[in-house]
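Here's the structure we're looking at; comments come further down.
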Amino acid sequence: MNIIQVQDYEEMSEQGAEFLFREIMSGRSKVIGLATGGTPVGLYKHLVEKINANEVSLTDVHTVNLDEYIGLSDDHPNSYHQYMFQNLFQYIDIPSANRHLPSGTAADFSEECRRYERLIQQLGGVDTQLLGIGANGHIAFNEPGSPFDGRTRVVDLAPATIEANSRYFNEGETVPSQAVTMGIGTIMESGRIVMIASGKEKAAAVKEMLTGEVTEDCPATVLQKHDDVTLIADAEALSEIDVKNIQ
C-alpha cells in the first residue's frame with residue numbers, strides 16, 4: 001500500500017482531488033467509484049475547481065457510488081443522490097445518465113442489488129474507487145463481520161455508524177438503519193483504490209487496516225490484499241503508527 005502522509009484535512013482533500021484528477025486526465029479511468037460522508041466533501045470541492053479551471057469535459061466518464069440509505073428518496077436532502085448533486089454533480093458536465101447510485105426506494109431490493117451489480121459489470125468494472133474508512137473499520141457500509149466476497153446487498157447499519165451519521169440529520173429525524181451497499185468483493189475488483197482518512201477518531205481503524213491481521217472483523221484490512229491501493233491520510237489519522245516502518 002502506498003501511503004501519502006499529509007498535515008491536515010485540507011491537504012488531504014487537495015491531494016485526493018489531484019489523485020482523481022490525474023486518473024481522469026490520463027484516460028485510464030472512465031469508471032470512477034465515489035464515496036460520501038464528511039471526509040470527501042473537501043476533495044470534491046477541489047476536484048470541481050481542477051476540472052473547471054482546466055475546462056475538462058467528463059461526458060464520457062461514468063460514476064458509481066458505494067451506497068444509499070434505504071427509505072430515502074432520490075430527492076431527500078439526506079440521500080446520497082442529493083449529497084452527490086450538492087457536492088459534485090451540479091458543478092460538472094457528467095451526464096445524468098452516467099451518474100449511478102443504488103435506489104433507496106426500490107420496490108424489490110433483491111432485484112435492485114442484482115441490477116446494480118450487473119451495471120458495474122456492464123461498465124467493465126470500476127477503474128478507480130474512492131473510499132473512506134469508518135471508526136470501526138467499515139468500508140462503504142460493509143460493517144465488521146461482512147464477508148470479503150460479498151456483492152451489492154442490503155445491510156443493517158451498526159449502532160456506532162448510525163450515531164456517527166446522525167449529525168447530518170435534523171434533530172428528531174430518524175437516521176436510516178439500513179442501506180444498499182456495494183460489497184467488499186465488488187470493491188476489491190476495482191483496478192485501483194484511493195482511500196482518504198482524517199482525524200484522530202480514524203487513527204485506530206487506520207492502524208488496524210495497515211498493521212492488523214486480515215480479518216472480516218475489520219473490513220478495511222482486506223485492502224492489504226489489493227495490488228494498487230493509495231492511502232492519503234493526515235497526521236492525526238496516522239498518529240498511532242510509524243509510517244516509515246510500514247512502507
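The backbone N, Cα and C atoms fix where each Cβ goes, glycine too.
TrEMBL labels come from automatic prediction, so no person has curated them.
So that you can see what the record holds, here are the features copied from TrEMBL:
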- D67: active site, proton acceptor (ACT_SITE)
- N136: active site, for ring-opening step (ACT_SITE)
- H138: active site, proton acceptor (ACT_SITE)
- E143: active site, for ring-opening step (ACT_SITE)
- 28-228: domain 'Glucosamine/galactosamine-6-phosphate isomerase' (DOMAIN)
Q: Could you measure between N136 (active site, for ring-opening step) and E143 (active site, for ring-opening step) for me? Cα positions, answer in whole angstrom.
A: 8
Q | Model confidence over the domain 'Glucosamine/galactosamine-6-phosphate isomerase' (28-228) (mean pLDDT, whole number) | A | 96
(Q) Please report the three-state DSSP label of D67 (active site, proton acceptor). (A) strand
Q. Can you tell which of the active-site residues (D67, N136, E143) has the fewest other C-beta atoms within 10 angstroms of its C-beta?
A. N136
Q.
Give me the long-range Cβ neighbours of H138 (active site, proton acceptor): same chain, 6+ apart, Cβ under 8 Å, in sequence order.
A. P144, S146, A158, T161, P219, A220
Q) Just the number: how many Å between the Cα atoms of E143 (active site, for ring-opening step) and D67 (active site, proton acceptor)? A) 13
